[in-house]
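Heads up, the thing below is written out as structure tokens.
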Amino acid sequence: MSICTSYDIELWKIIQQETIRQEEHIELIASENYVSTQVMKAQGSQLTNKYAEGYPGKRYYGGCEYVDMIEQLGINRAKELFSADYANIQPHSGSQANFSVYNALLHPGDTILSMHLNHGGHLTHGSQVNFSGKLYNAVFYGVDENGCINYEKVHHLAVKHRPKMIVGGFSAYSGIINWSNLRQIADAVQAYLFIDMAHITGLVAAGIYPNPLPHAHVVTATTHKTLAGPRGGLILASGGNDALYKKLDASVFPGSQGGPLMHVIAAKAIALKEAMDPSFKVYQQKIVQNAKIMVKEFALREFKIISGMTHNHLFLLDLRDKNITGKDASTALERANIIVNKNSIPNDFRSPFITSGIRIGTPAITRRNFNENDVRKLSHWICDILNHIDNNEIIFSIKNKVLRICSQYPIYNKSY
């Protein structure tokens, strides 16, 4: 970075501003986290120079001896960590991984059955604005009045629509999905079961959340979010189906990507190694504990939580009773240096740009070593702002508290 400082002052200043923003803000976006300095070093290494189309031992370019070793190391670690016998670590993102799975197993026009975006699903699970909703016929299941998946309804929809694939996984669901139930439903209609565990990758790696690998035909993951690695995707499978694995590999390259990002693959390999350390399990346990603490404190302050609980790293606040939109809530909180994202809630009548809820996640604050007392205080600061959304004095007072607590927990323990 020192070279960048002198060569491109304009860019460096902006990077420094973002560094300061991260240090001085409390991050509660469930999909964001902080990577280690080891991950950053790998991602900024000379590996960015190397083209390596293909797979280890089967490249279309020469000079791949060492990048082959790096990619194979990452593959082996992914297999070990998730008890898989197949791993593709080339996808540039979770969405790229999902596209590759669909492309490998489906034809345009095939039916998929997945969780509705407004009920906690993801854009790539069949949303009409996404490739998955444009290429495939998406039918959706959702959550019941208690905020939980009703598997009998999922089974009914599967029997009625006979999907080629059932998609499990979420971006905003605080429960534990019963993978076995979904597999039984998929088998009943001879469908593939595809699980997108992007949000819970770290929790699964640590054994905190049930591993979908024994139940799914194929699983995708991201290496950021709860895994706390670089931004990127994984495809995993078990069961020894070599024909399936060949389809998946071909769908990634050459089906949807060219040369893999070897500097990112090296960073993924480091993150996977970090996830094997016993301290990582402690970290993941604390993520869930902190989320549960926040839910309890919000409930004490009479805020409505979708499903009333959480068993993972996130939860949704339903703000309709407070007559606040998600957009207004996130804007007010950001003025106090608290970052959340507005989020649709089940049966939300507001647009995705406004929403009736916010999503809160604890991976980043836990990574930053916030303790239980800090998490309780933070919960009440959020409640105070949401109860006085136009009170500048309260917001400014809480911002000062946020700045003080952030200074106690620097992200990278260095000056800027």
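Backbone N, Cα and C atoms are what each Cβ position is placed from, and that goes for glycine too.
Quick look at what Swiss-Prot annotates:
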BINDING   LEU117, GLY121, HIS122, LEU123, SER351, PRO352, PHE353  (6S)-5,6,7,8-tetrahydrofolate binding site
MOD_RES   LYS225  N6-(pyridoxal phosphate)lysine
SITE      HIS224  site 'Plays an important role in substrate specificity'
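PRO352 ((6S)-5,6,7,8-tetrahydrofolate binding site) is surrounded by 15 other CB atoms, counting those within 10 A of its CB over all protein chains shown.
Looking at GLY121 ((6S)-5,6,7,8-tetrahydrofolate binding site) and HIS224 (site 'Plays an important role in substrate specificity'), their Cα atoms lie 18 Å from each other. For LEU117 ((6S)-5,6,7,8-tetrahydrofolate binding site), the same-chain residues 6+ apart in sequence whose C-beta sits under 8 angstroms from its C-beta are LEU123, HIS125, SER127, SER344. Each residue contributes its Cα atom, and for SER351 ((6S)-5,6,7,8-tetrahydrofolate binding site) and HIS224 (site 'Plays an important role in substrate specificity') those atoms are 28 Å apart. In three-state terms derived from DSSP, LEU117 ((6S)-5,6,7,8-tetrahydrofolate binding site) belongs to a helical segment. Largest CA to CA distance in the (6S)-5,6,7,8-tetrahydrofolate binding set (LEU117, GLY121, HIS122, LEU123, SER351, PRO352, PHE353): 17 Å, whole number. The closest partner of the residue listed as 'N6-(pyridoxal phosphate)lysine' among the binding-site residues, by CA position, is HIS122; the full candidate set was HIS122, PRO352, PHE353.
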